[in-house]
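Student: Can you read through this structure? Questions will come right after.
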Amino acid sequence: MCGIWALFGSDDCLSVQCTSAMKIAHRGPDAFRFENVNGFTNCCFGFHRLAIVDQLHGMQPLRIKKFPFLWLCYNGEIYNHHTLKQQFEFDHQTKVDGEVLLHLYDRFGIQKMASLLDGVFAFVLLDTANKKVFLGRDTYGVRPLFKLLTDDGFLAVCSEAKGLTDVTHAMASPADIVPFLPGHFEVFDLKQNGKVQSIQMEQFHCCTQEPAHAIYDTAERLPTSFNEETVKSNIRTLFESAVRKRLMAQRRIGCLLSGGLDSSLVAATLVKLAKEEKLQYPIQTFSIGSEDSPDVIAARKVAAHIGSEHHEVNFSVEEGIQAVEEVIFHLETYDITTIRASVGMYLVSKFIKEKSDSVVIFSGEGSDELTQGYIYFHKARLDCTTQTKGLRVPFLDHRFTAYYMSLPEEMRIAKHGVEKHLLRDSFKGLDLIPDEILWRRKEAFSDGMMSLKKSWYTCLQEHLGSVVNDDQMEKAHKTFRHLPPCTKEAYYFRQVFEKHFPGRAEWLSHYWMPRWINATDPSARTLSIYKPHKDQ
């Protein structure tokens, strides 16, 4: 991942404003650039780089001789940039995947440019010739993007909200920092004084429809029949294609492996394709949890089956609790479920950064959102807790998701009490992963990484029960007017959040909790329908 930051129409000195860009320095450890825009002295770009493709020419804002009036700052990966270059006979100046955005925009305009991109991305594109600024974000919002826009047209953009909290402006009324809508682009007129005016906001891709770039896809055309065997074959074809296209990298590739269905399918397919592509190194897999946790035990079995170079990251309750504040800072939230689940992700990412040379990290993220495989539906994202890694999520591939969601509902729902039955059945009998893993029931990540004897949420609640006192809880509704915490765990999370982001409580609209079951805690293990595996 990289970090992008840009200002248009700043009222204050840019040399002071740019200190805010350093708040996201963790997103790009390889290089940093701060650049003013010619002719617009109050407009600028900041960029923190994690080099994955074209390490020599990949610095941003990206500008090429053919289009000196275009400035591009983007965070992401465009998997079909070679295909598009060949299809439209573009003459590239660099090997940077993002250069294709400049050529597509010049040839077709912003709408078609965005719709033809197969990848994950957040971008800021400046056209000084036509005095336009464009913002865009990928279909599922895998890459984050936030904006601040004042009533008088000052625009600030950043990969993380924290990079905008101290940006100053001349307006008396505060300006909200809001996430940019996934799957959309926005067009601004750029005035001579550097200020902007929004003139268009449009969706360029609906996740239930086949993407526009599919007609140029190198993957084979699929049969359209809803015959069960045909459907399962199509799922396998599209999933393998989703993993294969994400092998694009000049840095070492690894994979998060929880031992659940999703990460195991990704890891197994990744190892298989890496051998076919003759990568010069073994794929590293990484799991995290206590030594007797269900996830660690299952991941160990999968790694042995697929032949990966496996690493187990064990952590104590104390280490997990010590990481909570850093996790809240990176996540920019006080939502209980998100924080619990992200502590393990943060710690395994820290291990990868410090103890391995894997830079591009695959994950099984997205499958649950697509197939509703959790015991109850839950949405998470990984980007902010994977720190300085290039995150790749094959389950959120455009063609794969569009196809899966186009299938009749009766094919996609759980069968015989087994969630994700269609996905599991599609890989049955292939020996890609062990059968016991293929049919292993879903564990929430924060639950599965700890022993069944004592869950992670229980450890947190016990510790934080002594940190927050009863008097604080009695006054919680007065101390925190917006979404007052109901537990000591929630109170502590809110306290830490307010320390780093005072006055920003409304960034969270509600605490996540299953609505279709009578739950008092978001942990799956507290639900009456939860049953542990027989071998646990």
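Sequential numbering from 1, following the chain as shown.
In case you wondered, yes, glycine gets a Cβ from its N, Cα and C as well.
Here's the feature list from TrEMBL:
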{"type": "DOMAIN", "residues": "2-191", "note": "domain 'Glutamine amidotransferase type-2'"}
{"type": "ACT_SITE", "residues": "CYS2", "note": "active site, for GATase activity"}
{"type": "BINDING", "residues": "ASP97", "note": "L-glutamine binding site"}
{"type": "BINDING", "residues": "LEU256, ILE288, SER363, GLY364", "note": "ATP binding site"}
{"type": "SITE", "residues": "GLU365", "note": "site 'Important for beta-aspartyl-AMP intermediate formation'"}
Student: Pairwise over LEU256, ILE288, SER363, GLY364, annotated as binding ATP, what's the top Cα to Cα distance to the nearest Å?
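Tutor: With LEU256, ILE288, SER363, GLY364 as the binding residues for ATP, the largest Cα distance is 14 Å.
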Student: Neighbour count, 10 Å Cβ-Cβ cut-off, for CYS2 (active site, for GATase activity): what number do you get?
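Tutor: For CYS2 (active site, for GATase activity), the count of other Cβ atoms within 10 Å is 26.
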Student: What is the total of other Cβ atoms whose distance to the Cβ of GLY364 (ATP binding site) is within 10 Å?
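Tutor: Counting Cβ neighbours of GLY364 (ATP binding site) within 10 Å gives 22.
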Student: Taking Cα atoms as reference points, which of the recorded positions CYS2, LEU256, ILE288 is nearest to GLU365 (site 'Important for beta-aspartyl-AMP intermediate formation')?
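Tutor: Among CYS2, LEU256, ILE288, LEU256.
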Student: Nearest to CYS2 (active site, for GATase activity) by Cα distance: which of the binding-site residues ASP97, LEU256, ILE288, GLY364 is it?
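Tutor: Closest by Cα: ASP97.
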Student: Taking Cα atoms as reference points, rank the binding-site residues LEU256, ILE288, SER363, GLY364 by distance from the residue listed as 'L-glutamine binding site' and give the first.
Tutor: SER363
